[in-house]
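> Below you'll find the structure I mean.
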Amino acid sequence: MAPTVERKNIDLAPLKAANVPIFFIVGGPGSGKGTQCDKIVAKYGLTHLSSGDLLRDEVKSGSPRGAQLTAIMESGALVPLEVVLDLVKEAMIKAIEKGSKGFLIDGYPREVAQGQQFESEIQEAKLVLFFDVAEETLVKRLLHRAQTSGRADDNIDTIKKRLHTFVTSTAPVVDYYDSKGKLVRINAEGSVDDIFGVVVANLDKVTSKI
Ligand code: AP5
Ligand code: MG
């Protein structure tokens, strides 16, 4: 039986009232989501929320909610939808209180249901940026990062499971937003700066209205 997940009552009214633009950032493990988000933040001043970082912070906090997460993340599987969505909502509300003018939600949605639930409870995403990278490159990048990252999931066994989860659960997210005309597919095999150039070209089309 799935463990009971602690839920919180979160007042979404300030977030909905702010109605700031929201961008989903998706891609396989090691596709450069975090790297590109750092650059987007520096140029556009949006708020970057990585679902993986929020989950790792929750684990570090020693909360009962965090205690349930370690084993799931170390197995490369997906954390229950409600847990991730609650963490994202809480972080968004805090950022809105500080005057955020828009969000990059990195690593979310990882399954179609996550996107649907987010958009029905909060707001629709403006665009979904998808960093498209071959598996071989992903493995190479993550094994290189493993030398310094200290991340419990940066080892070859977990990397393989993360890739499997991406193919089975997250690839349908890409098709889903493509069919809605919201997907921006970016070949992310090149250099960080070349990829960022493509990101900027796409964001400039929509951020003039921010
Ligand atoms: P998360 O932390 O999101 O991990 P991930 O998706 O596996 O992605 P990474 O953070 O490892 O990579 P990245 O795409 O950010 O790439 P980066 O810029 O670091 O999630 C971890 C776990 O949490 C999941 O497995 C799951 O269990 C859980 N989880 C998270 N979100 C969830 C959700 N929504 N629902 C349920 N569970 C969830 O780059 C990687 C490396 O490559 C770096 O060393 C970087 O320097 C290098 N690099 C980047 N770009 C380039 C380039 N162009 N050329 C060469 N090297 C590059
Ligand atoms: Mg990341």
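Using N, Cα and C of the backbone, Cβ positions are placed for all residues, glycine too.
Below, the features straight out of TrEMBL:
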BINDING   G30, S31, G32, K33, G34, T35, R145, G190  ATP binding site
REGION    50-79  region 'NMPbind'
BINDING   S51, R56, A77, L78, V79, G107, Y108, P109, R110, Q114, R151, R162  AMP binding site
REGION    144-154  region 'LID'
> Using a 10 Å radius around each Cβ and counting other Cβ atoms from all shown chains, which of the binding-site residues A77, V79 yields the largest count?
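The residue with the densest Cβ neighbourhood is V79.
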> Determine, from DSSP, whether S51 (AMP binding site) sits in helix, strand or coil.
helix
> Select, from K33, G34, R151, G190, each of the binding-site residues with a Cβ positioned under 6 A from at least one atom of ligand 2; if none does, say none.
K33, G34
> Please count the residues of the region 'LID' (144-154) that DSSP assigns to helix (H, G, I), strand (E, B) and coil.
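Final tally across the stretch: 6 helix, 0 strand, 5 coil.
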> In sequence order, what residues of the same chain, 6+ apart, have a Cβ less than 8 Å from the Cβ of G34 (ATP binding site)?
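Listed in sequence order: S50, D53, D106.
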> Could you tell me the C-alpha distance between G32 (ATP binding site) and Y108 (AMP binding site) in angstrom, no decimals?
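Between the alpha carbons of G32 (ATP binding site) and Y108 (AMP binding site) there are 14 Å.
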> Compared by Cα position, which of the binding-site residues S51, A77, V79, R110, R151 is the closest one to R145 (ATP binding site)?
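The answer is R151.
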